[in-house]
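Student: So that we are looking at the same thing, I have put the structure below in structure tokens.
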């Protein structure tokens, strides 16, 4: 009997204009934690969707435990012992934990018995969870626990984890890793997808590296440095953003005891958020997803109104001003969601440039649009930020994630803001674009703007910010200079594994 | 297996071609429908689309009717299209049309038999205001209480119809009408009459207003920031809020404009072609205008053409009823079919159709 | 004015009959909306059901077959909406409106030969001694089978949604079609099923109007009942038993105003006739202004287009 659980041979999948996977082959052994490493767009998700039966390969074959394996649907995959924890899109907010778990199982027991088993498994693995709670009320870490327990209840042979740590604090990551090591020890194979190199070095036995749909390397992650892994993944030497140290200026953006109720039913309210951002500095705001990031951005951009004196720009009260008035004064923002929030997908780049540039770029004449000037502004963004597109008359949605993000951030930077607030500026963006965006934000600060970067990527914040604060359940910790912080301290600022303790008490 | 593949950006060629394709498909399916009713499909289609304009026997009567019918359709559809673009669904134009007519006629009937050049302008104002205020009911309920504007605007049509009946039978009944329902005929009240401006063209003030509305909407949507905000709000509501659009103000604006235009359409109708407030004054222009708006792709010039085409089906339908005994309802079904086909082929604008093995588990 | 002619037991019994068409249509639409689809074509499906049921009943002489025909006809019509919104990804609001406009025209066309015809009568269920109980006999046990069927349907829908796995899956699809798709559920198939069910229910409601409540065929006879059914789903914040409450409330207003008309109340008839619509609007306002809870219960994917990308 071989020790290989899943063998993948020559899997190929083409989408129009893209070869998502090109003859990908590798093996996953029984009881190993196997890393699948690659940049955004390298083809990792397509590959796991084929393993999970969501997408059918154009060519190639898989064998599971020596038998041919070609799942036509996730039901078949689950029946064969393959389970998956998704990065997005697989929980139902308005339904209870037990209902969510039942939906991910092939033959769930009756609800009462299921609730009992959820408690059982959650205690066995140290992942406390109340089956009766509504998922929308759970924290990001707890939601992931729902997904993991859903998988564990089916006693899978192969567990696929898609970017599982992007929503966890460092302490929660440790707990997750302990669970995964224990599972692997019990004989479960784990396919671990990530682009976080340190994690993979800490956790995984072997790694397969994908670039542009192809396997470009196989490695023992523990034997290589993070930098070597990164260069295999990206295929080129990485540029590290840098800037000359600059003196800190006056306070530009002053937020004092800002409390705001979230407008959405499962949102997080802001609770007495206080911060002062100086000219020439970058304040990094970390935190696990869903702890008030979107609300903070909306409060600063003017999409949500606040008490007038809660937000000041250069001493002027702006809390009661809408987005347009704040832009006029020099407070600009770029939200996380590119398509649909920061940009209108079906509109042209010119129209998208007009969207936030109307006031500061003087694109209006008595309310009438100066289309020529708007087009010229769009062209300048495209040129300055190296946005790859045939021209400004193309729709925003035709751009790749990285290029659209460069356009969106560039649009705000070119308007010479006094203060700029960005949320997840490099989320889902390829490494080269991410580096360019970080450099642009640092340049903006060096020119004297106050910059707030809200991000869930701690490495990014460590790299570019002067001071760091964390959002936790709508509260902002006191900012501290980044240079003097350790990972553990950051984790504690983000709330540590706080909800675990709470859950322990409750359970 | 047929599957759809999202285009990287909307196809401009198909945007223009889909209405034409939809009309062609509707003619085919409509022909089949007429054949099923035992009528010669070719003759029926020719009677509807060709004879009203080019048949020597009928054209003299039919051609002016084209503008008479198209005027209110275009006027209402232009207003609706602004809201539809912004994702604000006013589907109660029929009610606003009725109220506009009642208010406009009310001014005339109150002043009868005084003669003054100011009476007609006052009626126009009253008609627009009436439609505007009637549309403000769903708009304000939406912005104040978050009440579904689709349902409220539609339910108000039934309320308006009852009001119309009450007016025709009560407050506005012609005292010299021998007890018959219906108001005085405004065509016989010179100061209040909306006459044919050029003989045998069907052109009246309502048609002029419709043309002005087309131009105004074109300028608004393509040149003005408000029009840009309307389009933005429809395509990406969150992006619109980020851009500084106030959603509530947009709801009020779109309902206000479409209500006022529908009210104007009602006023021009009651003071012109129809002449009086009667129980069956409204003939469904407010609903047909929804089809016109979509058929015109919510674009002002498209709506102009679509309004003319839809007017043609009304006139041609009457002709086919008279000549071939085609039931009136057949034309109504025909118009509904047109909207269906339009929505169906619309998929080609944003998606490419691929034949081949489906790879997605649905 | 003479109000003594209005007896409470007749009033309540009439209320149940007046409510049934709307109850049937609303409970069907509730299932559709729970699956995340907003079908504004209820009015069109109802009136098409009304004429299909009428025609089949007249031709076969059997009201029962008429109801079957109504359900089948309206379900078939709803599939037009289904194909357009689920396969051709059209806007649900516009397509629903199209369905209503088309249904009104088509039903008028089909119904041409049936104006003025009297349909075969449907027997009241004979529940034996139960019907002889004073007051309650008349109110509760003196109805035709469809009244009881509509009540059973409400219970069945409640059971289905809250107690069955299929119902859980349907709610999951309405909550997040992307998540449901990722777990391998057939979003489009489930939604088509819900749309067909909604169509069949609307058809039954329409046929109840033309075969029992009126009973006659006239063009446009639904007179907004489909729209009121839509409003009742919102009023009920997507809960089956509250749909029942909403429908009976509406039925009560209708019957009351009809009785007041008959009693010669000194208010013009037109103002009484508009009262059910006005009341519906007022109820909508009250419901939606209690922001938060009601909105929370609305399916999160309601009205959104689903296209499985990768």
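Just so it is clear, glycine is given a Cβ too, placed from its N, Cα and C backbone atoms.
Automatic, uncurated: that is what TrEMBL annotation is.
Not measured: the values here are computed from a predicted model.
Copied straight from TrEMBL:
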- B:12-37: transmembrane segment (TRANSMEM)
- B:70-88: transmembrane segment (TRANSMEM)
- B:95-112: transmembrane segment (TRANSMEM)
- B:118-141: transmembrane segment (TRANSMEM)
- B:150-172: transmembrane segment (TRANSMEM)
- B:203-221: transmembrane segment (TRANSMEM)
- B:248-268: transmembrane segment (TRANSMEM)
- B:274-296: transmembrane segment (TRANSMEM)
- B:303-323: transmembrane segment (TRANSMEM)
- B:329-348: transmembrane segment (TRANSMEM)
Student: Should the transmembrane segment (B:12-37) and the transmembrane segment (B:329-348) be scored as in contact, given a threshold of at least 3 Cβ pairs under 8 Å and pairs 6 or more apart?
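Tutor: Contact confirmed: at least 3 Cβ pairs fall under 8 Å.
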Student: Between the transmembrane segment (B:329-348) and the transmembrane segment (B:118-141), do 3 or more CB pairs sit under 8 angstroms, pairs being 6 or more residues apart?
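Tutor: Touching, no - the transmembrane segment (B:118-141) and the transmembrane segment (B:329-348) miss the threshold of 3 or more Cβ pairs under 8 Å.
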Student: At a threshold of under 8 Å on Cβ distances, which of B:95-112, B:274-296, B:329-348 pairs most often with the transmembrane segment (B:303-323)?
Tutor: B:274-296
Student: To the transmembrane segment (B:95-112), which of B:70-88, B:150-172, B:203-221, B:248-268, B:274-296 is linked by the most Cβ pairs under 8 Å?
Tutor: B:248-268
Student: Return the stretch with the most CB pairs under 8 A relative to the transmembrane segment (B:248-268), choosing among B:70-88, B:150-172, B:274-296.
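Tutor: Checked against B:70-88, B:150-172, B:274-296; highest Cβ contact count belongs to B:70-88.
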Student: What same-chain residues lie close to the transmembrane segment (B:70-88): Cβ under 8 Å, and 6 or more beyond its ends?
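Tutor: Apart from its flanks, the transmembrane segment (B:70-88) reaches 97, 149, 202, 204, 206-207, 209-211, 213-214, 217, 220-221, 230-231, 233-234, 237, 250-251, 254-255, 257-262, 264-266, 268-269, 285-286, 288-290, 292-294, 296, 298-300, 303-304, 306-308, 310-311.
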Student: Determine which residues of the chain contact the transmembrane segment (B:150-172) at the Cβ level, with the cut-off under 8 Å and only residues 6 or more beyond its ends counted.
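Tutor: Distant Cβ neighbours of the transmembrane segment (B:150-172) are 89-92, 94-96, 98-99, 101-102, 105-106, 109, 134-135, 137-138, 141-142, 181-183, 255, 277-279, 281-282, 286.
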Student: Which sequence-distant residues neighbour the transmembrane segment (B:274-296)? Criterion: at least 6 residues beyond either end, Cβ under 8 Å.
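Tutor: Answer is 19, 22, 72-74, 76-78, 80-81, 84, 91-98, 101-102, 105, 157, 161, 164-165, 167-169, 172, 174, 181-188, 262, 265-266, 302-307, 309-310, 314, 335-336, 338-339, 342-343.
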